[in-house]
Amino acid sequence: MGSCQSAEVREQMARNKEIEKQITQDKRQGTSIIKLLLLGAGECGKSTVLKQMQILHSNGFTEDEINERKAVVYSNTVTSLAAILRAMDSVLDIPLEDTEKEMEKSVIYRVLEVGDESEPFTDEVYKAIMTLWADKGVRKAYTRRSEYQLNDSAKYFLDSTARVHEPGYRPTDQDILYSRVATTGVVEVKFKIKELDFRVFDVGGQRSERRKWIHCFDNVDAIIFITAISEYDQVLFEDETTNRMIESMQLFSSICNSSWFLATSMILFLNKKDLFAEKIQRVNITTAFPDYDDGDLLTSAPGGGT
């Protein structure tokens, strides 16, 4: 994405150095703080879980953090729509309902070309987003989103375009939870529950990030491994030949058997159940597990969410 991405990365790298220094000190001192490590494959929702912990246990977000997220919300909205439009042309072969809307399509692409996706919507960009998101072809392409890479929060932000475009827009907690910036390095949240001090670390979930940081956390008290159960029909961003669910299972196995974590407690967190409940009504679980033959989850699962 645009400038907001690079700024976020620079800030994260600066924090990484401080976190690494603190981890080293903790190892030497044997402190009584409870340390938890969030792990999982890319796009599993770790950062969202961490933000929820921050809301519940760490006084929420500062005013600076809220203001910084504006750029991410703008960017998530524009890039999500652009991802749908590109998939319509290159993957799905779905045309726009009205060819006159090609003008709006070029507006969205131009925003990305000049790197303005993190800026507040101009009236022209706002009109383009609203017009295209109402297009039947775009909506049809959205229903086939598992066939290409699209953020889970795409619909949330595209549905929120009018609110986000209002003067004085201030991101809500929900906006911040849904906003998406790939985690680079290590992010930390500290909080206290009763008399216990907690430090929770989120490590970048994509393969290159995991390799860089995982060995730093051999002294954590527990690992919370997060897997998105809704992603059984999706592939990785970094490797479009690998199923996300299979990658998650393999990663969980490697973590459980890692020499770094032989004495570490493991907590398995099954995430995105709401998306799973919706998807299982239309996409069979055999997409990821072709040998599955224990009934049809499309019809047998109560509410599709079990």
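Cβ coordinates come from backbone N, Cα and C, glycine included.
Taken verbatim from TrEMBL:
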BINDING   43-48, 152-153, 177-183, 202-206, 271-274  GTP binding site
BINDING   S47, T183  Mg(2+) binding site
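Long-range neighbours of Y178 (GTP binding site) (same chain, six or more residues apart, CB within less than 8 Å of its CB): T48, N76, S153, Y156, F157. You'll find the Cα of K272 (GTP binding site) roughly 13 Å from the Cα of S47 (Mg(2+) binding site).
Around the Cβ of T183 (Mg(2+) binding site), a 10 Å sphere holds 20 further Cβ atoms from the protein chains shown. Non-local neighbourhood of D152 (GTP binding site): E43, G45, R180, S230, K272, L275, each in the same chain, at least six residues away, with C-beta under 8 Å from its C-beta. Look at D152 (GTP binding site): DSSP puts it in coil. For D202 (GTP binding site), the same-chain residues that are 6 or more apart in sequence and have a Cβ closer than 8 Å to its Cβ are L38, K46, S47, L50, T183, V186, V187, E188, V189.
Counting every protein chain shown, the number of other Cβ atoms lying within 10 Å of the Cβ of E43 (GTP binding site) is 22.
Most buried of the binding-site residues K46, K272, judged by other Cβ atoms within 10 Å, is K46. Cβ neighbour density within 10 Å is lowest for V181 among the binding-site residues S47, V181.
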